Structures are given as structure tokens and as C-alpha cells.
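> Have a look at this one before I ask anything.
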């Protein structure tokens, strides 16, 4: 089913169902030279849920996200996606499998307009071949129109109509983050990875972003895994939380369970490790 | 009747514009690769030479590496004994250029991902000398004539018309007119391709940000092979035009140097910039020679373009059409 075909009226707000395991990380270990960024971590992400990865600075959260999206290759461990073990893949192949992401430091095409940036998210969904594209043959044109319509819907959804034609380089930080989310959504991902979607935002922008993340999950049923520092945000948004510290997993469960987890509290309050 | 001096100047201007088109054709190849990968491809001129050599060789049925084979095995091979139709030879050469693009990605670019631009630049210098040597060993170092049926000689039509208007017939090379038309068509095609197709969009995306391009599922390798193929194709066209004009010889690779001031004028990232830059340089150097040459002893065409480029570097470093360089502090 095409996620974007679901309109607001068709799904009730309460229709959120959490399904089976979409992605499973098994005993992942990642080293940079002698430094262990991730040590033997396992966790899963279920279909339709919002899964948060939290932890102090340098805990290995971004590394974990980079493993999922194929930017880093772990030395040990297995990545399972949709019931199959994933062979070693290039980041673009991972993206083609339906895993979209945003970056901590925003990676947009600065020279292109907002619309063109989001259109790049449709590239791998376009089916016409090189020659008909080059010659702008019938199918190619019809396809462009079709994809354009979907992109316009995402633009409406994220309330960025007023900047559609603006070159991204000129946008303020908060809007750039939103455009990046739009581009990721345009790929119609099965799994959406957000690396600190709210970093550096003011309260108002954070609230907006929260709303968009929840709405995305609600309306498109998109599974989301996110890294975030703002504890309040994480506890409000997510269904389940993985806690990392010094590259190890120290907690995994619902926000309530995490709040009362001794190891987690210690890590955040800086209790002496023995 | 217009004064003689003005009529001459008009003819010189026209000739200069057409020479500029030739520069622009080479500059175009530079811009394509620079835009998509940030690499200043020093080998672009040699690509044009290599394409022209291959075209002549294929067309005349020359056996590649004949000298080497003969020296090694004591044979006396020279030719397959065929003459291919021009269109077929051009198509085959285009295929060779695609193969070359693939090989360049495989053997060089793939291993230099995320390296400093200067390292990639050095790699293209290496590539330039390698290709020049390869062309020599494959097809021989003699000057060859390229004949793909392009019109040659002076356009009588223009001569007659201008003779009627101004009382003086302009001498315009027919080949230059063809080159102008081809260049215009090429620019139009490239612009449409990059603006309106998914491959064009992928190309622009890769040019802008590698990480972001990967994250939306674009294969950098595919895009690089594509862009080097297109640059190879543009080189082929430049090679045909220059080859038909002045014979296929190794000095052809030096035309790349004239493309440098063209790029400084037009901006390294702009396709229209390459064309306009080429036209300005072509026209500028001919007019300067015409007016100022006699006063300062002539031979100004050798340096005029570079001095003009230098002035641009001082007053408008991004070129006429290049992206403005803004450094945030």
C-alpha cells in the first residue's frame, strides 16, 4: 500500500497499531581502530512504533543510526530487516530498501529549491529508463507529474508551502530541519531515522517538530527511530526507548520503565562506575 | 556604406565569436565534471584528443597498438582494411568514451572518495598524461586528417550576402557555423537533461552534497560514470570540431589551457557561463588583436585571454555566472 495515499479522514487518530518486528540489531559491535564505539548491542524496532535511542554525549547513538543506515559497517553482529538478514550494503542501497534518514548537522542540497530537494526523495521511486528520461518521452512526463503531486502533499503536510521555491541555503535552521524531514518522507520510507531532529531549536520549533513526528507516525503509519537529547520530548514521543552509555546498552523499555531504571538514572546523574 | 574599419571589425567579431564556440565546447566538459564532483578535470583536453584519435582510427580501420604488436611479434599489421561510415564510427567512439568513463570511475575515482580536491586534481593530471601516452601507443603520433563529412571552406552564401550589404564579403568558415549550431544544440540538450530528468536531478544532488545524495538512494558510482560519459561525449564533439579544423594532432590537448580563462570568466559551475565565457574570450582576443595588435607588435592572442582572466580573478572571482562565494563567520 502506498503510505501517502492515506488521507487524514481515512485513518482515525487512534488507529496506531504496533506490529511485528521490522528491524532487529543483533550483537552489533563497531570499532574505529582501537576505539569501541558500540559494544555488543541488540535491540529491535517494531512496525509502526516510535523508538528512541538516548544516552549521554559520546554514547554511540549516532554511530548506531549510521549502522542502521549503512554509513558504518559494524565489525560484528547482524542487521535483520523485514525478516531477512541484511547483507553488507552501501548507504544508497539501504535507502532504496526503504530506510530514510535525516542528519544531525543537516545534509540538504543547498543550491536547490525546497521543492527540488524534496523531489530528490522520489528519484529512486521513478521507474522510467535513461533514454525515455533523456528524451522526455510520454511516460517520463506523466511520471514527473504524478511524483510532483505526492511531493505537494508532503509540502502541505509539513506546512512549508510558503517556501516551496526558496533555495534551501537561504532558510533558517528550523525550516531546514523540516525540509530534511520532508525529503526523507518523500521516499515513502518503511523506517525513518531521525538524528537529533530537535537539536538547536527553540521551544516553539520543538513543539512543531514534535507534532510533525507524531502526525507522520499517525497518518502514514511510518516506523520512526530517533535520537534526541531533550528528555521531556523523548518520554512524550516514544513508545519504547533504548538507553546507551559508553557504547553499551544499559536500558531498554517503555518510557516509564526507563524512568525508574537504576542504571539509566546513574548514567545521567553521573554516579561513579565501579 | 559603412566605413571600412567598422566592417572589418564586424567580420573579426563574427570570426572571434565562432572561435569562442570552439573554446566553449572544451570548457563545457570541464564544467560538467566540476559541477558533479568538484573535480577540476585537467584531462578534459586530452579526452578530446583521445576521442578524436579513436574516431579517426576506427573510421580508417587502423589496428590499435599496431606498432607495439609489430615490434613484439615481428608482424607487419597496420589496418583492418575497412573504412567505416562516419556515423557508425562516431557511435562506436561514443561507446569507447563510455567505457573509458567506467574505467576511470573503477580505477581512479572509486579509490579517492572523500579525498581533498587537490588530490583528485593531481589524479586527473596523471590521467591526462596516461591518456596522452595511451593514445600515442594505440593510434600512433602522426598528424591525422579527420573527415566525417563536415562542410569545409568559406561559406559562399554569407560572402555573397555581406558583399551585397556592405560591399565587402565576409570570410566565415563553414565549419565554424556547424560548430556553433552543434554547440547550441548541445547546451540546450544538457540544460534540459539536467533540469527536467531524474538523472539530471540526481546529478545536481550529487554535486551539492554526497551524504544527502546517498541518503535518498542515489548511487555515487552510477552518477560519476554518467557524468564522465557525458563529459567524454562532449569531448568527442570538441575533438571532432577541432580535429576537422586543424587535423588530429597532439597539440589538441593544449586547447584545454585556453578553456581555463574561459572558465574563470564564465564561472566553473555554469553551463551558460562556459558558452558566454568562450564567446567573450574568442571575440575579445580577435578584436584586441585587430585594434591593439598593430600598436604593440601583434601576437596578442597568446596572452590576451589570460590577462582578461586575471582581471576577472581580481574583480569577480566567481566569474560571470558562478555561484557567489559567501563565507559565513
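Every residue gets a Cβ built from N, Cα and C, even glycine.
Model, not experiment: these values are computed from the prediction.
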> If you check TrEMBL, which stretch out of B:111-131, B:132-152 is marked transmembrane segment?
B:111-131
> Taking the transmembrane segment (B:218-242) as the first stretch and the transmembrane segment (B:177-197) as the second, find out whether 3 or more Cβ pairs fall under 8 Å, excluding pairs closer than 6 in sequence.
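Contact between the transmembrane segment (B:177-197) and the transmembrane segment (B:218-242): present, because at least 3 Cβ pairs are under 8 Å.
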> Counting Cβ pairs under 8 Å to the transmembrane segment (B:46-69), which of B:12-34, B:81-104, B:111-131, B:177-197, B:262-283 comes out on top?
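Highest pair count goes to B:81-104.
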> With pairs fewer than 6 apart in sequence excluded, do the transmembrane segment (B:12-34) and the transmembrane segment (B:262-283) have three or more C-beta pairs that lie under 8 Å?
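Checked: the transmembrane segment (B:262-283) vs the transmembrane segment (B:12-34), in contact.
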> With Cβ-Cβ distances below 8 Å as the criterion, list the same-chain residues six or more beyond the ends of the transmembrane segment (B:295-315) that contact it, or say none.
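For the transmembrane segment (B:295-315), the sequence-distant neighbours (Cβ-Cβ under 8 Å, at least 6 residues beyond its ends) are 258, 260-262, 264-265, 280-281, 284-286, 288-289.
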> Go through B:81-104, B:111-131, B:177-197 and flag the stretch with the largest number of C-beta pairs under 8 Å relative to the transmembrane segment (B:12-34).
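Comparing B:81-104, B:111-131, B:177-197 against the transmembrane segment (B:12-34), the winner is B:177-197.
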> The transmembrane segment (B:81-104): which same-chain residues, six or more beyond its ends, come within Cβ distance under 8 Å?
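Cβ under 8 Å, 6 or more out: 47, 50-51, 54-55, 58-61, 127, 147-149, 225-226, 228-229, 231-233, 235-236, 240.
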